[in-house]
Amino acid sequence: MTKAVQIKNRPTGLIILDGWGHREATQHNAIAQAHTPNWDNLLKDYHHTLINTSGLAVGLPEGQMGNSEVGHMNLGAGRVVYQELTRIQKDIDDGRFFENNALVKAIDAASNRDHKVHILGLLSDGGVHSHISHIKASIKMAHDRGAKVYVHIFTDGRDTAPQSALQYIEELETFMKELGGGRIASVTGRYFALDRDNRWERVKKAYDAIACGSAEFEAKDAKEAVELAYARGENDEFIQATVIPRNNGKPARVKDGDSVIFMNFRSDRARQLTEAFIMDDFADFHRCKTPVLSAFVTLTEYKKNFEKFGALVAYRPTSLRNTFGEYVSKKGLKQLRIAETEKYAHVTFFFNGGVEEPNDNEVRILINSPQVATYDLQPEMSLPELKEKLIDAIKSGEYDTFICNIANPDMVGHTGDFNACVQAAEAVDEALGEILATIKAVDGEAIVTADHGNMEMLFNEETGKPLTSHTTFPVPFVYFGKKGYPLKDGGALCDVIPTLLDMMGIEKPEEMTGTSLIDKA
């Protein structure tokens, strides 16, 4: 067993306020308008700076907003991690996408036997889970290889404006018309199709529409499906499953021999629907039909064991050596990861560079997120329980370091409900005050930062409607430590862990190209 190195300031922790961005203006800024005495005192008493969480600084295209997956990958890696969005788009631009082995195999397996190719994906340019340009490329590829293509679209309204689906549908319909192939077969809001919290009754609605052509609603085309949803009071995220029959009046459902291609590049929200299609022993809801597919392709690796069930992976993960978790584990140190359900994958899988298995001496605490339809109904979420568990862990003296995600700013921010966001900010402030007081009492230190912005801007000035997506504003970085070192400006997420290691008195590994933001000059 590796002999543990002796670290300074035990425990030294990282507290990620998910979606807590910085914006000078106070209008439409829930953080600025909330009563946050602990946060105000933290900024008054401790050195702080702002860091970048979007665009090229986190391996995304210039100007692209960051997100939780990207943020936690960059954080845990201590280097800029070039994201799947960028990687796949580059392949499309270079033409390599159209030669991808998994995609070619799936398309040809269906088309050579006169079966159909069904493409699933979140239709938007939000760039968080998917991108419309990728979906268009997959349609073109399947069409050019002789396949008949049906598209099952999931509407966004979360990483985009709440009622923006029609512009993406028009773009896709125009593209398919010019191409001479492709047809939208169903429309479902991401709330149902892309659940990640085991709300299987939601996923079933999407599955039934895609696999069985069965849904509560029907429309003559995708535009009408969205317009009818708006008339029912549903925004894009919550559009109920709607099938669009073919000219013969029958739905274009997935049948035996067809191939399915899931075009989301982010894994966490694509897993549950994928399981319903590929797992023989699936039991989370009754499947109306279980089509025997020629192939099921996941654009990226959604889960290690999915290939055991026959799934093909178009883009395998790039390997990241010496992420924070792996590195401190090699040093013999004990680490804690703690989050509630909505962000659990982020402080584990994504923070570890896409590795599912825990490192040696890596303890994980999962707090169940509340079972409510949307988090504006419970802005405190499960933070009171998370706070108590973390405080107990800090007091126990067991851990050398910890990574904690506080989900409220992002999850409540996505609802666009300003009053609920103010309540969420105040709940975060109260919990943060107690956590930091405990760290101080045991002579520990911490970094308080965020993975991206959200709650600091809740109004879309272009549409005049609530802004429910992330932002490109910088986020705070606070050094909660005893030494009072000033901080360097101009940092990014890749610099956070090198700073944490510096605080622990541990030299960073050579793979980490980020630098410590502590200015000891």
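Yeah, the Cβs are placed from backbone N, Cα and C, and that goes for glycine too.
The feature Mn(2+) 2 binding site is assigned by Swiss-Prot to Asp18, Ser68, Asp451, His452. In the three-state DSSP classification, Asp451 (Mn(2+) 2 binding site) falls within coil. Asp451 (Mn(2+) 2 binding site) counts 32 other C-beta atoms within 10 Å of its own C-beta, drawing on all protein chains shown.
Mapped onto three states, the DSSP output places Ser68 (Mn(2+) 2 binding site) in helix. For Ser68 (Mn(2+) 2 binding site), the same-chain residues 6+ apart in sequence whose C-beta sits under 8 angstroms from its C-beta are Asp18, Lys343, His346, Phe350, Asp410, Asp451, His452. Residues annotated as active site, phosphoserine intermediate in Swiss-Prot, with sequence analysis given as evidence: Ser68.
Counting only same-chain residues six or more apart in sequence, the Cβ atoms lying under 8 angstroms from the Cβ of Asp159 (substrate binding site) belong to Met65, Asn67, Ser124, Gly126, Gly127, Val128, His129, Ser469, His470. For the recorded site, Asp159 (substrate binding site), the DSSP three-state label reads coil. According to Swiss-Prot, the substrate binding site annotation covers His129, Arg158, Asp159, Arg190, Arg196, Arg266, Ser267, Asp268, Arg269, Lys343.
Annotated Mn(2+) 1 binding site per Swiss-Prot: Asp410, His414, His470, in sequence order, evidence recorded as sequence analysis. Cβ neighbours within 10 Å of His414 (Mn(2+) 1 binding site), excluding its own Cβ and spanning all shown chains: 24.
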Densest Cβ neighbourhood among Asp18, Asp410 (binding-site residues), 10 Å radius: Asp410
Integer Å distance between the CA atoms belonging to His414 (Mn(2+) 1 binding site) and Arg196 (substrate binding site): 15
Cα-to-Cα gap, Ser267 (substrate binding site) vs His414 (Mn(2+) 1 binding site), nearest whole Å: 19
Distance [Cα-Cα, Å, rounded] between His414 (Mn(2+) 1 binding site) and Arg269 (substrate binding site): 15
Sparsest-packed among the binding-site residues, when each Cβ's other Cβ atoms within 10 Å are tallied, from His129, Arg196, Arg269, His452, His470: Arg196
Cβ atoms near Ser267 (substrate binding site) (within 10 Å, other residues, all chains): 24
